[in-house]
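Features as listed in TrEMBL:
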REGION    1-36  region 'Disordered'
BINDING   Trp165, Glu175, Asp195, Lys197, 258-269  substrate binding site
ACT_SITE  His267  active site, nucleophile
Amino acid sequence: MADPAAKRGPGGAVGDELAQKVKKAKTDDEKDGGEAESDNVLFGFKTCSVLSDSSREKNIFIHGKLADQDAVVIMEKTPIREDVLAEIFSDSSLKLEMRNDIYSTYRLQAPSHLNEIKTTVVCPATEKHVKKYQRQESFLVEETGKDYQSITLPYIQEQCFSVQWVYNILEKKAEAERIIYEDQDPKVGFVLLPDFKWDQKQIDDLYLIAIVHQRDIRSVRDLTSEHIALLQNIFQKGKDAILQRYNLPASQLRVYLHYQPSYYHLHVHFTKLSYQAPGCGVERAHLLADVIQNLQSDSDYYKNRTLYFPLRKDDGLLSKFKEAGRL
Ligand code: GTA
(Lines of atoms letter the chains of each structure in order from A and count residues from 1; the text may use other names and numbers.)
(Lines give C-alpha, C1' and ligand atoms only; values in the text may rest on other atoms or scores of the structure.)
Protein backbone atom coordinates (compact mmCIF):
# COMPACT_ATOMS: atom_id res chain seq x y z
CA MET A 1 0.00 0.00 0.00
CA ALA A 2 1.64 3.26 -1.09
CA ASP A 3 0.79 6.55 0.50
CA PRO A 4 2.66 9.41 -1.12
CA ALA A 5 0.49 11.81 0.90
CA ALA A 6 2.06 10.65 4.12
CA LYS A 7 5.47 11.98 3.17
CA ARG A 8 4.05 15.31 2.10
CA GLY A 9 1.73 17.03 4.47
CA PRO A 10 2.18 17.84 8.11
CA GLY A 11 -1.08 18.66 9.88
CA GLY A 12 -2.32 22.24 9.72
CA ALA A 13 -5.10 24.54 10.83
CA VAL A 14 -8.04 26.18 9.10
CA GLY A 15 -8.23 29.46 7.10
CA ASP A 16 -4.95 30.94 5.91
CA GLU A 17 -3.01 27.88 6.91
CA LEU A 18 -5.20 25.69 4.69
CA ALA A 19 -4.38 27.86 1.71
CA GLN A 20 -0.71 27.61 2.60
CA LYS A 21 -1.07 23.86 2.82
CA VAL A 22 -2.59 23.55 -0.65
CA LYS A 23 0.15 25.86 -1.92
CA LYS A 24 2.78 23.65 -0.31
CA ALA A 25 1.25 20.45 -1.69
CA LYS A 26 1.22 22.09 -5.11
CA THR A 27 4.85 23.12 -4.81
CA ASP A 28 5.74 19.53 -3.95
CA ASP A 29 3.80 18.33 -6.99
CA GLU A 30 5.72 20.78 -9.15
CA LYS A 31 8.96 19.32 -7.81
CA ASP A 32 7.65 15.86 -8.69
CA GLY A 33 7.08 17.09 -12.23
CA GLY A 34 3.30 17.39 -11.73
CA GLU A 35 3.04 20.79 -13.40
CA ALA A 36 5.29 20.72 -16.39
CA GLU A 37 5.53 23.64 -18.80
CA SER A 38 3.91 22.60 -22.08
CA ASP A 39 3.89 23.89 -25.63
CA ASN A 40 0.89 25.86 -26.73
CA VAL A 41 -1.11 22.91 -28.04
CA LEU A 42 -3.95 25.34 -28.76
CA PHE A 43 -1.95 27.28 -31.34
CA GLY A 44 -4.00 27.23 -34.55
CA PHE A 45 -7.20 26.09 -32.79
CA LYS A 46 -10.17 26.99 -34.99
CA THR A 47 -13.49 27.56 -33.24
CA CYS A 48 -16.50 25.84 -34.83
CA SER A 49 -19.10 26.69 -32.18
CA VAL A 50 -19.62 27.62 -28.56
CA LEU A 51 -21.32 24.60 -27.00
CA SER A 52 -22.25 26.42 -23.81
CA ASP A 53 -21.07 29.23 -21.60
CA SER A 54 -21.97 30.76 -18.30
CA SER A 55 -21.18 34.25 -17.11
CA ARG A 56 -22.07 33.19 -13.56
CA GLU A 57 -19.71 30.19 -13.55
CA LYS A 58 -17.24 32.07 -15.76
CA ASN A 59 -16.65 29.18 -18.11
CA ILE A 60 -17.01 28.41 -21.80
CA PHE A 61 -17.14 25.07 -23.67
CA ILE A 62 -15.95 25.32 -27.28
CA HIS A 63 -16.04 22.85 -30.16
CA GLY A 64 -13.31 23.40 -32.73
CA LYS A 65 -10.59 21.91 -34.87
CA LEU A 66 -6.99 21.26 -33.92
CA ALA A 67 -4.96 20.23 -36.95
CA ASP A 68 -8.13 18.90 -38.62
CA GLN A 69 -9.14 16.87 -35.57
CA ASP A 70 -12.28 17.61 -33.60
CA ALA A 71 -11.53 19.06 -30.20
CA VAL A 72 -13.41 20.38 -27.20
CA VAL A 73 -11.80 23.12 -25.16
CA ILE A 74 -13.15 24.10 -21.74
CA MET A 75 -11.95 27.37 -20.26
CA GLU A 76 -12.78 28.48 -16.76
CA LYS A 77 -11.74 31.52 -14.71
CA THR A 78 -10.44 30.36 -11.36
CA PRO A 79 -11.43 31.70 -7.92
CA ILE A 80 -9.46 34.56 -6.34
CA ARG A 81 -7.49 33.12 -3.44
CA GLU A 82 -6.95 34.80 -0.10
CA ASP A 83 -3.25 33.93 -0.08
CA VAL A 84 -2.57 36.01 -3.23
CA LEU A 85 -4.50 39.14 -2.19
CA ALA A 86 -1.44 41.00 -0.92
CA GLU A 87 0.33 40.40 -4.24
CA ILE A 88 -2.71 41.51 -6.23
CA PHE A 89 -3.02 44.73 -4.24
CA SER A 90 0.66 45.60 -4.50
CA ASP A 91 1.58 44.41 -8.02
CA SER A 92 -1.46 45.20 -10.18
CA SER A 93 -2.25 48.26 -12.28
CA LEU A 94 -5.60 49.88 -11.70
CA LYS A 95 -7.64 51.91 -14.23
CA LEU A 96 -10.52 53.98 -12.95
CA GLU A 97 -13.85 53.34 -14.72
CA MET A 98 -16.13 55.61 -12.73
CA ARG A 99 -16.35 57.38 -9.43
CA ASN A 100 -19.53 58.59 -7.73
CA ASP A 101 -19.59 59.81 -4.13
CA ILE A 102 -18.14 56.96 -2.02
CA TYR A 103 -18.40 54.47 -4.94
CA SER A 104 -15.79 53.71 -7.59
CA THR A 105 -15.16 50.87 -10.07
CA TYR A 106 -11.86 49.90 -11.70
CA ARG A 107 -10.30 47.58 -14.21
CA LEU A 108 -7.53 45.79 -12.39
CA GLN A 109 -4.72 44.15 -14.36
CA ALA A 110 -3.29 41.48 -12.08
CA PRO A 111 0.21 40.06 -12.68
CA SER A 112 -0.08 37.41 -15.42
CA HIS A 113 0.68 34.44 -13.13
CA LEU A 114 -2.36 35.41 -11.02
CA ASN A 115 -4.57 35.73 -14.05
CA GLU A 116 -4.63 32.17 -15.36
CA ILE A 117 -7.54 30.47 -17.10
CA LYS A 118 -7.94 26.79 -16.25
CA THR A 119 -8.11 25.03 -19.61
CA THR A 120 -9.11 21.46 -20.43
CA VAL A 121 -8.58 20.02 -23.91
CA VAL A 122 -10.25 16.87 -25.26
CA CYS A 123 -8.61 15.92 -28.57
CA PRO A 124 -9.51 14.03 -30.62
CA ALA A 125 -13.05 14.52 -29.35
CA THR A 126 -15.82 12.15 -30.44
CA GLU A 127 -19.30 13.29 -31.41
CA LYS A 128 -20.39 12.02 -27.98
CA HIS A 129 -17.96 14.43 -26.28
CA VAL A 130 -19.31 17.34 -28.30
CA LYS A 131 -22.88 16.42 -27.32
CA LYS A 132 -21.92 15.94 -23.66
CA TYR A 133 -20.74 19.53 -23.33
CA GLN A 134 -23.53 21.10 -25.40
CA ARG A 135 -26.20 22.99 -23.48
CA GLN A 136 -29.38 21.01 -23.94
CA GLU A 137 -32.73 20.38 -22.39
CA SER A 138 -32.72 17.35 -20.06
CA PHE A 139 -35.42 14.79 -19.35
CA LEU A 140 -35.80 12.68 -16.20
CA VAL A 141 -35.81 8.97 -17.00
CA GLU A 142 -37.28 6.24 -14.81
CA GLU A 143 -35.23 3.04 -15.17
CA THR A 144 -36.47 -0.20 -13.60
CA GLY A 145 -34.10 -3.12 -13.05
CA LYS A 146 -35.64 -4.69 -16.17
CA ASP A 147 -35.11 -1.51 -18.21
CA TYR A 148 -31.46 -1.59 -17.19
CA GLN A 149 -31.05 -5.12 -18.55
CA SER A 150 -33.04 -4.61 -21.75
CA ILE A 151 -32.30 -0.96 -22.68
CA THR A 152 -29.38 0.59 -20.79
CA LEU A 153 -26.92 -2.31 -20.56
CA PRO A 154 -26.94 -3.16 -24.30
CA TYR A 155 -26.58 0.57 -25.07
CA ILE A 156 -23.61 1.18 -22.76
CA GLN A 157 -21.91 -2.00 -23.95
CA GLU A 158 -21.86 -0.45 -27.45
CA GLN A 159 -21.78 3.27 -26.93
CA CYS A 160 -19.96 4.32 -23.79
CA PHE A 161 -16.92 6.62 -23.58
CA SER A 162 -13.52 4.91 -23.56
CA VAL A 163 -12.08 4.37 -20.09
CA GLN A 164 -8.50 4.27 -21.36
CA TRP A 165 -7.72 7.34 -19.20
CA VAL A 166 -8.82 5.32 -16.14
CA TYR A 167 -6.56 2.38 -17.04
CA ASN A 168 -3.68 4.84 -17.59
CA ILE A 169 -4.16 6.06 -14.01
CA LEU A 170 -4.39 2.55 -12.55
CA GLU A 171 -1.28 1.45 -14.48
CA LYS A 172 0.65 4.66 -13.60
CA LYS A 173 0.94 5.62 -17.26
CA ALA A 174 -0.64 9.00 -16.56
CA GLU A 175 -1.14 11.30 -13.56
CA ALA A 176 1.01 9.03 -11.35
CA GLU A 177 2.55 12.05 -9.61
CA ARG A 178 -0.93 13.35 -8.74
CA ILE A 179 -1.97 10.30 -6.72
CA ILE A 180 -2.92 11.24 -3.16
CA TYR A 181 -3.43 7.73 -1.86
CA GLU A 182 -3.45 4.18 -3.17
CA ASP A 183 -4.55 0.86 -1.77
CA GLN A 184 -3.15 -1.73 -4.18
CA ASP A 185 -5.34 -4.63 -3.08
CA PRO A 186 -6.92 -6.10 -6.25
CA LYS A 187 -10.30 -6.66 -4.54
CA VAL A 188 -10.82 -3.68 -2.24
CA GLY A 189 -8.08 -1.36 -3.52
CA PHE A 190 -8.40 1.99 -5.28
CA VAL A 191 -6.50 5.07 -6.38
CA LEU A 192 -7.45 8.48 -4.99
CA LEU A 193 -6.39 11.54 -6.99
CA PRO A 194 -7.55 15.05 -7.87
CA ASP A 195 -10.36 15.15 -10.39
CA PHE A 196 -9.30 17.03 -13.50
CA LYS A 197 -11.95 19.65 -12.79
CA TRP A 198 -9.97 20.74 -9.69
CA ASP A 199 -6.87 22.90 -10.10
CA GLN A 200 -5.82 22.16 -6.47
CA LYS A 201 -5.16 25.84 -5.80
CA GLN A 202 -7.83 26.24 -3.15
CA ILE A 203 -9.75 23.91 -0.86
CA ASP A 204 -13.07 25.69 -1.59
CA ASP A 205 -13.72 23.59 -4.70
CA LEU A 206 -11.89 20.43 -3.57
CA TYR A 207 -12.72 17.55 -5.91
CA LEU A 208 -11.07 14.13 -5.86
CA ILE A 209 -12.02 10.80 -7.38
CA ALA A 210 -11.39 7.30 -6.09
CA ILE A 211 -11.02 4.79 -8.93
CA VAL A 212 -11.34 1.10 -8.02
CA HIS A 213 -8.74 -1.45 -9.15
CA GLN A 214 -11.43 -4.00 -10.05
CA ARG A 215 -12.26 -3.57 -13.73
CA ASP A 216 -15.61 -5.29 -14.02
CA ILE A 217 -17.84 -2.96 -12.01
CA ARG A 218 -19.53 -0.53 -14.37
CA SER A 219 -21.79 1.42 -12.03
CA VAL A 220 -24.03 1.15 -8.96
CA ARG A 221 -26.18 -1.26 -10.97
CA ASP A 222 -23.40 -3.89 -10.71
CA LEU A 223 -23.01 -3.53 -6.93
CA THR A 224 -24.12 -6.27 -4.52
CA SER A 225 -23.32 -7.03 -0.88
CA GLU A 226 -20.12 -8.62 -2.21
CA HIS A 227 -18.80 -5.09 -2.78
CA ILE A 228 -19.56 -3.65 0.68
CA ALA A 229 -15.98 -4.21 1.86
CA LEU A 230 -14.66 -2.36 -1.20
CA LEU A 231 -17.02 0.58 -0.68
CA GLN A 232 -16.31 0.81 3.06
CA ASN A 233 -12.58 0.73 2.34
CA ILE A 234 -12.88 3.62 -0.15
CA PHE A 235 -15.09 5.59 2.25
CA GLN A 236 -12.81 5.21 5.28
CA LYS A 237 -9.38 5.44 3.64
CA GLY A 238 -10.49 8.18 1.24
CA LYS A 239 -11.72 10.33 4.15
CA ASP A 240 -8.54 9.61 6.16
CA ALA A 241 -6.27 10.55 3.23
CA ILE A 242 -8.17 13.81 2.64
CA LEU A 243 -7.96 14.69 6.34
CA GLN A 244 -4.24 14.02 6.36
CA ARG A 245 -3.45 15.83 3.13
CA TYR A 246 -5.89 18.78 3.23
CA ASN A 247 -6.89 18.87 6.88
CA LEU A 248 -10.53 18.60 5.81
CA PRO A 249 -12.71 16.46 8.10
CA ALA A 250 -15.29 13.97 6.81
CA SER A 251 -18.09 16.29 7.99
CA GLN A 252 -17.00 18.74 5.26
CA LEU A 253 -17.17 16.20 2.45
CA ARG A 254 -19.82 15.03 0.00
CA VAL A 255 -18.90 11.48 -1.04
CA TYR A 256 -21.04 10.05 -3.84
CA LEU A 257 -21.40 8.05 -7.04
CA HIS A 258 -23.09 9.18 -10.23
CA TYR A 259 -25.87 7.31 -11.92
CA GLN A 260 -25.64 7.43 -14.89
CA PRO A 261 -21.89 8.09 -14.87
CA SER A 262 -20.11 9.22 -18.03
CA TYR A 263 -17.41 6.58 -17.56
CA TYR A 264 -18.47 3.02 -16.74
CA HIS A 265 -15.63 1.99 -14.45
CA LEU A 266 -16.62 2.33 -10.81
CA HIS A 267 -15.39 5.55 -9.21
CA VAL A 268 -16.42 7.66 -6.23
CA HIS A 269 -16.53 11.47 -6.13
CA PHE A 270 -15.18 13.31 -3.06
CA THR A 271 -16.11 17.01 -3.10
CA LYS A 272 -16.18 19.75 -0.50
CA LEU A 273 -19.67 19.90 0.97
CA SER A 274 -19.99 23.64 0.37
CA TYR A 275 -18.98 23.32 -3.31
CA GLN A 276 -21.84 22.82 -5.75
CA ALA A 277 -19.93 20.55 -8.13
CA PRO A 278 -21.52 19.80 -11.53
CA GLY A 279 -23.61 16.64 -11.10
CA CYS A 280 -24.01 16.80 -7.30
CA GLY A 281 -27.81 17.19 -7.46
CA VAL A 282 -30.27 14.59 -6.16
CA GLU A 283 -31.16 13.44 -9.69
CA ARG A 284 -27.64 12.14 -10.28
CA ALA A 285 -25.62 11.79 -7.07
CA HIS A 286 -25.99 8.78 -4.74
CA LEU A 287 -24.29 9.23 -1.36
CA LEU A 288 -21.77 6.46 -0.76
CA ALA A 289 -23.04 6.08 2.82
CA ASP A 290 -26.57 5.41 1.49
CA VAL A 291 -25.29 2.98 -1.15
CA ILE A 292 -23.49 0.95 1.55
CA GLN A 293 -26.56 0.87 3.80
CA ASN A 294 -28.87 -0.11 0.93
CA LEU A 295 -26.59 -3.03 0.05
CA GLN A 296 -26.40 -4.06 3.71
CA SER A 297 -30.19 -4.32 3.88
CA ASP A 298 -30.62 -5.94 0.44
CA SER A 299 -27.80 -7.42 -1.62
CA ASP A 300 -29.82 -6.96 -4.85
CA TYR A 301 -31.02 -3.43 -4.04
CA TYR A 302 -29.36 -1.88 -7.12
CA LYS A 303 -30.29 -4.80 -9.37
CA ASN A 304 -34.01 -4.33 -8.75
CA ARG A 305 -34.51 -0.75 -7.67
CA THR A 306 -36.03 1.82 -10.04
CA LEU A 307 -33.46 4.58 -10.50
CA TYR A 308 -34.09 8.08 -11.85
CA PHE A 309 -31.62 10.19 -13.78
CA PRO A 310 -31.56 13.02 -16.31
CA LEU A 311 -30.60 12.51 -19.94
CA ARG A 312 -29.88 15.21 -22.49
CA LYS A 313 -32.22 15.71 -25.43
CA ASP A 314 -29.95 14.14 -28.03
CA ASP A 315 -28.46 11.42 -25.83
CA GLY A 316 -28.70 8.10 -27.69
CA LEU A 317 -29.87 6.39 -24.49
CA LEU A 318 -32.86 8.72 -24.33
CA SER A 319 -33.83 7.63 -27.86
CA LYS A 320 -33.62 4.00 -26.74
CA PHE A 321 -36.00 4.68 -23.83
CA LYS A 322 -38.38 6.45 -26.25
CA GLU A 323 -38.22 3.58 -28.76
CA ALA A 324 -39.04 1.13 -25.95
CA GLY A 325 -42.08 3.26 -25.03
CA ARG A 326 -40.60 4.07 -21.61
CA LEU A 327 -40.82 7.86 -22.06
N1 GTA B 1 -8.06 13.04 -12.92
O2 GTA B 1 -8.37 12.25 -17.40
C3 GTA B 1 -8.95 12.48 -16.34
C4 GTA B 1 -10.37 12.59 -16.20
N5 GTA B 1 -11.41 12.48 -17.08
C6 GTA B 1 -11.32 12.21 -18.50
C7 GTA B 1 -12.56 12.66 -16.40
N8 GTA B 1 -12.28 12.88 -15.11
C9 GTA B 1 -10.93 12.84 -14.96
N10 GTA B 1 -10.18 12.99 -13.84
C11 GTA B 1 -8.84 12.89 -13.98
N12 GTA B 1 -8.26 12.63 -15.18
O13 GTA B 1 -15.63 14.09 -12.29
C14 GTA B 1 -13.24 13.06 -14.04
C15 GTA B 1 -14.41 13.95 -14.41
C16 GTA B 1 -15.53 13.43 -13.51
C17 GTA B 1 -15.14 11.99 -13.28
C18 GTA B 1 -16.04 11.05 -14.02
O19 GTA B 1 -13.82 11.81 -13.77
O20 GTA B 1 -14.12 15.32 -14.19
P21 GTA B 1 -18.61 10.57 -14.16
O22 GTA B 1 -18.31 9.31 -14.90
O23 GTA B 1 -19.66 10.50 -13.14
O24 GTA B 1 -18.87 11.61 -15.29
O25 GTA B 1 -17.31 11.10 -13.44
P26 GTA B 1 -19.45 13.08 -15.27
O27 GTA B 1 -19.58 13.61 -13.91
O28 GTA B 1 -20.65 13.15 -16.16
O29 GTA B 1 -18.35 13.78 -16.07
P30 GTA B 1 -17.97 15.25 -16.06
O31 GTA B 1 -16.87 15.30 -17.05
O32 GTA B 1 -17.72 15.72 -14.70
O33 GTA B 1 -19.24 16.03 -16.66
C34 GTA B 1 -20.31 16.56 -15.88
C35 GTA B 1 -20.53 18.01 -16.22
O36 GTA B 1 -19.50 18.78 -15.58
C37 GTA B 1 -20.36 18.33 -17.71
O38 GTA B 1 -21.52 18.12 -18.45
C39 GTA B 1 -19.97 19.78 -17.65
O40 GTA B 1 -21.13 20.59 -17.53
C41 GTA B 1 -19.17 19.89 -16.38
N42 GTA B 1 -17.72 19.88 -16.64
C43 GTA B 1 -17.03 18.85 -17.17
N44 GTA B 1 -15.72 19.15 -17.25
C45 GTA B 1 -15.57 20.39 -16.79
C46 GTA B 1 -14.46 21.25 -16.62
N47 GTA B 1 -13.20 20.86 -16.98
N48 GTA B 1 -14.67 22.47 -16.11
C49 GTA B 1 -15.89 22.84 -15.72
N50 GTA B 1 -17.01 22.07 -15.85
C51 GTA B 1 -16.86 20.87 -16.37
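Using N, Cα and C of the backbone, Cβ positions are placed for all residues, glycine too.
Model, not experiment: these values are computed from the prediction.
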Gln260 (substrate binding site) to His267 (active site, nucleophile) - Cα separation in whole Å: 12
DSSP-derived class (H/G/I helix, E/B strand, else coil) of Trp165 (substrate binding site): helix
Of Trp165, His258, Gln260, Ser262, Tyr264, Leu266, binding-site residues neighbouring ligand 1, Cβ under 6 A: Trp165, His258, Ser262
Among Gln260, Ser262 [binding-site residues], residue with fewest other Cβ within 10 Å: Ser262
His267 (active site, nucleophile) and Trp165 (substrate binding site), distance between Cα atoms, whole Å: 13
Cβ contacts of Asp195 (substrate binding site) (under 8 Å, same chain, 6 or more positions away): Tyr207, Leu208, Ile209, His269
Sparsest-packed of the listed recorded positions (His258, His267) - C-beta count within 10 angstroms: His258
Integer Å distance between the CA atoms belonging to His258 (substrate binding site) and His267 (active site, nucleophile): 9
Greatest C-beta neighbour count within 10 angstroms, which of the binding-site residues Leu266, Val268: Leu266
